[in-house]
Structure formats: C-alpha cells, structure tokens
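Written below as structure tokens is the structure these notes are about.
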C-alpha cells in the first residue's frame, strides 16, 4: 500500500488537496507551500502618518541644524542673550510644561476611547485642546513683546542693526528727523487751519479740534526729539567728523546706541557703571570746555592784537612821513637856510625818532605773539562763530549726560513712540531664525488643534474611533518633541 509521505504543514504552510494527495503525492513529496500576508499588520492610516512624520523630521532637522550652525558659528559675545531680545526663560519653561501635559492628556483620551468610554475620551481630548490653545496664547504674548520693541525681521531693513557704525547713526538721525518733521507739519497744519477758521471758512472746526487735542502731547514729544537729536545724535556726528581718535569716534556712536537700547545682563544693576561713565564723560568734556574757553580767550586777544597792529602801522606811516622832510633838512649844510631850519628842528626829529622806535618795538612784540604756537587744541583753530557754537554744544552735552540715568532702560523703552533703530549684535540673524523656527512649529500646533476639534465635534470617540486619537496623538507627540529641542536652543543657549 502506498503511504503518504507529505509532512504536516506549519502555520505558514498550505496543505495539499486530498485528490492531489492521492493521485500526485509523489510529485509534492518533501515540498511546503507558504502563504504570505498581503501587507504589514498595521493600518494604512498609520503607515501614511509615519511617512508624513519622516518628512517632517527631516524638515525640522534641517531648520534646527541651520540654527545650530548660525548660533555657535557667531563670534563670541555677538549672539543675543535671551533678555536682550525679550525672551523670558520662565515663560518658555511654563509653555514647555503645558505642552508636555497636553501629551499626557491625549494619551488618556486614547486610552478611554479604547475602553469604549467616549465621554471620558472627549473630556481628555478637550483638555488637550485647551492646553494647546494656552501654548499658542503664550507664544502670541511673546511675539507681541518682540513686535512692541521692534524685534522682528523685515525687508529691506528692520529696526535691528548688527553694528553701531555710521549706517546705524544715519538711521537714528533719519528716524528722529521723520518724527520731528511729522510733528512740525501737524503744528503748521493746526496754525494754518486756525487762520482759515478766523478768516471765516467753515467745515474745518472738526479737523482743527483733532489737531488741537493732541497739541500738548505733540509739543512735548517734539521737545524730547529735538533734545535727543541735538545732544545725542548730532553730538555723535560731530565727534565722528572732527575728533582725530578712531576710538573716540566709535565710542560716540556706541554711547548713542546704549542710550537707545542698553545691553546689559538681567538683574544687573547698571546704575554704578552708568554713574561712573557719566562722571568720566563729564570730566572729559569739562577739560574740553576749558580748552575751548582758552581758545576763545586767545581769539579775543588775537583780535585785540590785530586791531592794535593796524593802529600802530598807521602811526608808523604817519611818523615816517613826518620824519622824512626833517631828515632831508638835517642833511643840508649848516650855513644854508635849510641847515638853519634843521638845527631848529633837531629836537623834534629826535622826539619823532623816539616815538617811531617805540612803535616798532611794540609791533615786534605783537608779531612775536602772533607767531607763538597755541597749546589749547590741536588742529586748525576754528573761527569765532564755530568756536562759540562748540562751547554751547559742549555745555549742552554736559547738561544732557545725567539724562542717561533717566533713560536707564533705553529710549525705546521710555518712549515707545520713537521706535528708534537698535544695535543688537547678530540681531537680524536671530530674529529671522527665531520666527522661522517658532512660526513653523506654531503652524504644526494649529494643525493639531484643528484635528482635535474635528475629532471632538464630529465623532463619537468609542472603541471604533480609537485609531483616530492614536494617529492624532502620534502627530501631537512629534510636535511636543520638536518643541523640547527648540526650548533649550532658543531660551537657554
């Protein structure tokens, strides 16, 4: 009898048909048929989500890598510290905690959906939605703080300047010039409207009232802007133009940049250092004022000497004219009439010669004083008008210096309406990368919240819909993980 030698198939082997087993058993002897599943044992939705997340991982890896290269490739001390750009570490830490808690709540929502508890699942999903919204609200507050201080990227140029140089100085001057011109125009318009109303024109009262209502504030702002323009901006410009020291030129611009937006560590009491700077600068300017006063005195003396020189030269010409005929008579023989006149005029000639010698001696003294070098200020001596202006500006600058203490937080903080350009090293690069990274992350948070809202209001979250929460939760964990990388990079380093 023929025996069946077909081995018993495993879970992956397919048994042969019975008629084949009887008729063709010898053909299938020793062979196993394997049956393969048509796909991986995970849903298609999860596969698509993982493919999407893989592209997102590469996207954020590129962004974060670029930030790391820019951040740690910047020269030491030139990358903005968090406080410089109005980033509060504790706010970032709280926001990170909020996002981590939201990852826990989405897991709880998924677990309750699997247990077929739709009410509990919706409660935890609603908590996740609220926490995500809180995260976005905090980011919106942080953005508003930066916008309020002019820290944002803008084309062709924002308020941020990487260096305190001539370009920065020109930008500050231009901005103050715009403010002054705008306020002057408003005052002129108000005066023109007043004349037209007084002349009997109608329909202008409402416009005049609007301008008049803001006149007091406008004039106060105009006074402040003119004061800063003259004693800070124009002072720095004059230092750059007329000072021979490159160090002093750079210091003048840096002082202006500090006045607009001081850079110092958080919690650092800049008062003592600021007072020391003010005292040192006042001492330096007092020395300059002394030299300028000496130059002004020298100029006055020179004017007196010049006037006296002209007077003496006129006297000399007159004396020489009187002496000339007397000398001719003195040269004539004694027996002639001219000789007799010369003998009579001899005393007069001697007196005139004595006066002429005195005039020449005084002229020589004045000439020697003119040629003597002055040790007041090196370089070409300014004219009287320019010298008087320099003395006035120096006195105004000395009086202005104590205001540095009044503006301890910077002009842009004390007077937000000014919106002056700021010197923040690498500020533009920081702003571009910060808003790019956090902006893209915020977009992903918004997408997650939209998905949560759809699941919350459009589905009954029982066991049959648990896969929806599983996929959205996986996406939310990715969003959370990205922020965990961004937080230390942006807030702590």
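Heads up, the Cβ atoms here are built off N, Cα and C, so glycines get one too.
TrEMBL entries are annotated by machine, without manual review.
Pulled from TrEMBL, these are the features on record:
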- 1-11: compositional bias 'Polar residues' (COMPBIAS)
- 17-27: compositional bias 'Basic and acidic residues' (COMPBIAS)
- 46-493: domain 'Heme-copper oxidase subunit III family profile' (DOMAIN)
- 1-27: region 'Disordered' (REGION)
- 323-343: region 'Disordered' (REGION)
- 47-70: transmembrane segment (TRANSMEM)
- 90-112: transmembrane segment (TRANSMEM)
- 124-141: transmembrane segment (TRANSMEM)
- 434-461: transmembrane segment (TRANSMEM)
- 473-492: transmembrane segment (TRANSMEM)
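Put simply, of 47-70, 434-461, 473-492, the stretch with the most CB pairs closer than 8 A to the transmembrane segment (90-112) is 473-492. Between the transmembrane segment (47-70) and the stretches 124-141, 434-461, 473-492, Cβ pairs under 8 Å are most numerous for 473-492. Using a Cβ-Cβ cut-off under 8 Å and counting only residues 6 or more beyond its ends in the same chain, the transmembrane segment (434-461) has close neighbours at 56, 59-60, 63-64, 67, 85, 109, 112-113, 118, 121-122, 125-126, 128-129, 132-133, 135-136, 139, 152-153, 468-469, 472, 475-476, 479, 482-483, 486, 490. The average pLDDT the prediction assigns to the domain 'Heme-copper oxidase subunit III family profile' (46-493) is 85.
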